[in-house]
Amino acid sequence: VSLSSPTLYPLVSCEGALTDGNLVAMGCLARDFLPSSVTFSWSFKNNSEISSRTVRTFPVVKRGDKYMATSQVLVPSKDVLQGTEEYLVCKVQHSNSNRDLRVSFPVDSELPPNVSVFIPPRDSFSGSGTRKSRLICQATGFSPKQISVSWLRDGQKVESGVLTKPVEAETKGAGPATFSISSMLTITESDWLSQSLYTCRVDHRGIFFDKNVSMSSECSTTPSPGIQVFPIAPSFADTFLSKSARLICLVTDLTTYGSLNISWASHNGKALDTHMNITESHPNATFSAMGEASVCAEDWESGEQFTCTVTHADLPFPLKHTISKSREVAKHPPAVYVLPPAREQLVLRESATVTCLVKGFSPADVFVQWQQRGQPLSSDKYVTSAPAPEPQAPGLYFTHSTLTVTEEDWNSGETFTCVVGHEALPHMVTERTVDKSTGKPTLYNVSLIMSDTASTCY
């Protein structure tokens, strides 16, 4: 009897629009195999197995002198809408050979993105030394969810200072499932005032959607696209140092603020104490506002969801946005290196620059602080770059921080410590210390000074 390996075909549901209440049926057809014994299993793209409780395998059917069989898996549509998976893997074991087949999630409809870029108000630039602010690019209403966002300055791609959030499913009633994504670019005030042209480039299914802005855009008479809401997640530095998580809900393009209300609530609907702050009017005659609330760091780290609700007389219904700590980003701890001042700089007897290089970490949220003789230094004593993607390691980031001290302090043997905080580190924080006598960095136990600022959250 000759053996015949199975040929695999994908099967997808022909039902209507995806909603959070539906199960998406996906299947795998194996045909023309011999002998008749065959085994199906399913996994996600990241190789994690799918529970057999959601898998149904139908009896083998004889077709001519060979056999065929099918397997079905039911996946909650919210996983399809909100997850990062693009396909499932159907795995078929047969005595003649094992075969794998990618079964792509169904695309409810193909819709292009609506791209908007929000420019910074003139009074939003802040910081000691180099003053900075952010451009925000938002793409909404698109499907399918696969999309990428990049930034250009005067036609050249910008690599540093970019923070792009994961794609989110848009919450709405009946109709096709659509998605949104936002990306932020940190810019300096000098670059903005120099009339540099910034471009947010959105790539969706091989088609580019470009939106250009510059300082002259502030004087544009283009009408407002309507009230926009941007929930901003707390940074790791905030949650680690204060033991509380600060939730920010940014509302832009307000024509009036008298009827505005911003509120935060936990996943069970319990209202959180929300402080609302109204900015001054912008050059395009609109306002911005922020609603801030604080929750325990433990609640945020556990993945609990929090919802910002915005009401205003210009809105036909309240706008709601829900955020939670992302669980889909792979965690990788940073490697930390401290470099002493260059000999050529010390010869000048003017100043000494100590550099802290932080490499290979994920997610991108990290903080760097400096200490002298174990005491924290003020942030105006050092400059830390925004995390940037590692050129040779996709998914990982690097940053560097430079501390400038007097040549006298360095030559007198003062110790300088780079303290790095990241959620993937065993104790959330690590440090490296260097001084003139060693000439090389030394690893010490984590200082307790930083924890003195932490408060207990009840």
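Cβ coordinates are placed from backbone N, Cα and C, and glycine is handled just like the others.
Swiss-Prot lists a disulfide bond between Cys28 and one candidate from Cys90, Cys137; that candidate is Cys90. Checking the candidates Cys137, Cys249, Cys296 against Swiss-Prot, the cysteine paired with Cys200 through a disulfide bond is Cys137. Swiss-Prot names the disulfide partner of Cys249 among Cys308, Cys356, Cys418 as Cys308. Per Swiss-Prot, the residue from Cys296, Cys418 that shares a disulphide bond with Cys356 is Cys418. Spatially, by CA atoms, the recorded positions Asn46, Cys90, Cys137, Cys200, Asn261 include one closest to Asn212 (N-linked glycosylation site), and that is Cys200. Other C-beta atoms found within 10 angstroms of the C-beta of Cys90 (disulfide bond) number 26, with every protein chain shown included. Put simply, of the recorded positions Cys28, Cys137, Asn284, Cys418, the one whose Cα is nearest the Cα of Cys249 (disulfide bond) is Cys137. When the alpha carbons of Asn277 (N-linked glycosylation site) and Cys90 (disulfide bond) are compared, the span between them is 52 angstrom. In three-state terms derived from DSSP, Asn284 (N-linked glycosylation site) belongs to neither a helical nor a strand segment and is classed as coil.
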